[in-house]
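Single-structure report; data block below.
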């Protein structure tokens, strides 16, 4: 198993689309460069923010190839590999080409709402199917089921290649329970930009960020300051983004992030159905906040 450190700010990359809704690979390449050059510690490819369920298998392969080629080993790449059919996920892990991939992010099975034992058995099968480091992903607002602290810790203790959990349950008490009782080699990563700072004061090691798509330099600085224990300086940056945290998700993710990147000139403001762009009122509110942050748009 490769030695990988996912402390700091990872960015869950969006997938840019052209006006005809084809993937804008040129824009994606520029976004990757923007991330690498502005302090992002690692990239997460084909996660929720990438609109992955709307992508074809060919598009997914092309995106992975582009990101790996563009990054050139400068920062780690984490690939989203998950699903609600354990057998299919295991088969994918055994047969796909993972050259250039440093770890995988695997979401709790969604829709079919497994029990805690089912979640454990799912991740056991995944851990036994790959040599790659695994980041668990708990996001009950999307999956319909919460992976409890007890289950998370059970998996963390039993499988050495399970190295972290991306926690997006919104339950600070649950996250703190994991932080207090986890193995030393296992880390908790925030899955929510808005609670990253408070969670890091409890011992989380960073975030897989959405807002970092637009603000990699600023948000990664906040994370580094928090890791260094400079909570006063980190708090100041956190507070500067407070209004934007909520605005980005008013009309769903990644609609808010794409609105920001559109205003900043990176991408077309296109999503694939069933997702749609932010409402005009939300778009204008985001624009006003960006102006207050002195971002040209």
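First residue shown is number 1, and so on along the chain.
Heads up, the Cβ atoms here are built off N, Cα and C, so glycines get one too.
The feature active site, proton donor/acceptor is assigned by Swiss-Prot to 137. Here Swiss-Prot flags 166 as active site, schiff-base intermediate with substrate. What Swiss-Prot records for 49, 208 is pyruvate binding site. Residues or ranges marked as site 'Part of a proton relay during catalysis' by Swiss-Prot on the basis of sequence analysis: 48, 111.
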Can you tell me which recorded positions out of 48, 49, 111, 137, 208 are within 10 A of the residue listed as 'active site, schiff-base intermediate with substrate' by Cα, answering none if there aren't any? 137, 208
Taking just the CA atoms, what is the gap between residue 208 (pyruvate binding site) and residue 111 (site 'Part of a proton relay during catalysis') in Å? 23
Listed in sequence order, the residues of the same chain lying six or more positions from residue 111 (site 'Part of a proton relay during catalysis') whose CB sits under 8 Å from its CB are 84, 143, 144
When a 10 Å sphere is centred on the Cβ of residue 166 (active site, schiff-base intermediate with substrate), how many other Cβ atoms does it contain? 26
Around the Cβ of residue 49 (pyruvate binding site), other Cβ atoms within 10 Å, all chains included, total 21
